[in-house]
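Features of the protein shown, as given by Swiss-Prot:
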type: BINDING; residues: H100, E102; note: Zn(2+) 1 binding site
type: BINDING; residues: H107; note: Zn(2+) 2 binding site
type: COMPBIAS; residues: 153-167; note: compositional bias 'Basic and acidic residues'
type: DOMAIN; residues: 52-162; note: domain 'sHSP'
type: CARBOHYD; residues: S162; note: O-linked glycosylation site
type: MOD_RES; residues: M1; note: N-acetylmethionine
type: MOD_RES; residues: Q6; note: deamidated glutamine
type: MOD_RES; residues: Q50; note: deamidated glutamine
type: REGION; residues: 1-63; note: region 'Required for complex formation with BFSP1 and BFSP2'
type: REGION; residues: 144-173; note: region 'Disordered'
Amino acid sequence: MDIAIQHPWFKRALGPFYPSRLFDQFFGEGLFEYDLLPFLSSTISPYYRQSLFRTVLDSGISEVRSDRDKFVIYLDVKHFSPEDLTVKVLEDSVEIHGKHSERQDDHGYISREFHRRYRLPSNVDQSALSCSLSADGMLTFSGPKVPSGVDTSHSERAIPVSREEKPSSAPSS
């Protein structure tokens, strides 16, 4: 078995380039000691190995894509059901709110809540917006784009979240 040896000076020199989970959206998941004291963990031992970091898309960070034909938002909401999610269009933005009451998990009781707001491009057809939640917890909000001269604005309205039985086909960056 090969064990990589990491010298403490190497990690400290590259400390600003190592990702930290402290400000990521790990809903209900615990922090590791290197999230709070990243430089201290490398001075403990040169043989110390960190846990594996998640990829950017697995970390709950949303992805916004604005192509020529459509506008799409992908958001990882795996801890929420469609009943826990509210999606509203307010003039030129979309608000996604998720909240579930306290429930028991492996480590005790937990309640979660988040609120996200995204600006919609001016040429998105707000009457054709859709929102779906895949089986693996990926929320997909999408709307087609129209030519520039068409009026696309509408008043405030809620977008229903439909449930898909298959995992998300969200492209990874």
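Backbone N, Cα and C define each Cβ position, glycine as well.
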*asked:* Test of understanding: give the count of other CB atoms lying within 10 angstroms of the CB of H100 (Zn(2+) 1 binding site).
replied: 16
*Fill in the CA-CA distance, E102 (Zn(2+) 1 binding site) to the residue listed as 'O-linked glycosylation site', as an integer in Å.*
24
*How many other Cβ atoms are found within 10 Å of the Cβ atom of H107 (Zn(2+) 2 binding site), counting all protein chains shown?*
9
_Using a 10 Å radius around its CB, how many other CB atoms surround the residue listed as 'O-linked glycosylation site'?_
11
*Determine, to the nearest whole angstrom, how far the Cα atom of the residue listed as 'Zn(2+) 2 binding site' is from the Cα atom of H100 (Zn(2+) 1 binding site).*
17
_Averaged over the region 'Required for complex formation with BFSP1 and BFSP2' (1-63), what pLDDT does the predicted model reach?_
52
*Go ahead and report the DSSP secondary structure tallies for the domain 'sHSP' (52-162): helix first, then strand, then coil.*
9 helix, 60 strand, 42 coil
*asked:* Test of understanding: give the count of other CB atoms lying within 10 angstroms of the CB of E102 (Zn(2+) 1 binding site).
replied: 9
